[in-house]
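TrEMBL annotations:
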- 3-120: domain 'Response regulatory' (DOMAIN)
- ASP54: 4-aspartylphosphate (MOD_RES)
- 141-202: domain 'HTH luxR-type' (DOMAIN)
Amino acid sequence: MIKVLIVDDQKILLDGIAELFHGSDLVTVVGSITLPDLVEIYCSRKAPDLVLMDICMESKTTGFFVTKRLKKKFPNLKVVLMTGFPEWNFIQKAREAGADSFIYKDGSADDFISCIRRTMEGEHVYPLPDGKESFGFGFYDARLTRREMEILSLLCRNMSRKEVAQALGIAGSTVNFHINNMLTKTGHKNIVGLAVEAANRGYIDPEVGE
């Protein structure tokens with residue numbers, strides 16, 4: 001069994017992620033903590049094989065900083081950073097910090113288990129831009145409407161669906177409708193992957209309006 005320590009400052013998300021591994025015959029959760037400053041102590045006591053850690057936490061300590069410390073103190077420890085934000089620069093920062101892999105929080109239980117397994121086997125699992133031209137992303141190829149692109153741009157600025165609806169003066173159900181349409185058109189499984197590809201291909205600029 002792969003022993004995993006989970007770190008996330010939001011208790012509800014921490015419990016939800018831990019539940020993904022319930023009944024797994026590959027992964028066992030040896031601890032789950034909300035305070036990143038305690039990670040090193042837990043690693044010394046619990047000796048996990050891998051730390052699954054959130055990047056953005058309310059404390060001043062980020063997952064990037066903790067990763068650097070862990071890699072220095074426990075060179076054989078595997079670290080997988082996770083986030084719920086479509087921040088395209090997080091991927092490069094995770095690499096620079098020494099993280100072995102990177103995963104988005106909206107992944108399925110199979111996605112998380114696969115990422116952990118592959119990481120323990122020595123792979124570096126990162127959600128790089130799809131690079132699949134068959135997705136045909138863009139105004140013309142994927143035929144995204146201007147409203148869809150507008151919604152996507154706002155989501156990339158870390159606005160919630162409710163905030164997007166309020167900003168555009170439309171119903172939340174309308175926002176969900178457009179998001180589902182975009183996923184269907186582009187072939188993405190979730191809005192995070194779509195946002196990452198959009199930013200990397202230069203179709204949207206999340207800095208506009210900041």
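The chain as shown is numbered from 1 upward.
Positions of Cβ are set from backbone N, Cα and C atoms, glycine also.
Within the same chain, the residues at least 6 positions away from ASP54 (4-aspartylphosphate) whose Cβ sits under 8 Å from its Cβ are VAL7, ASP8, ASP9, GLN10, LEU13, GLY63, LEU81, MET82, THR83, LYS105, listed in sequence order. Assigned with DSSP, the residues of the domain 'HTH luxR-type' (141-202) fall into helix, strand and coil as follows: 43 helix, 0 strand, 19 coil.
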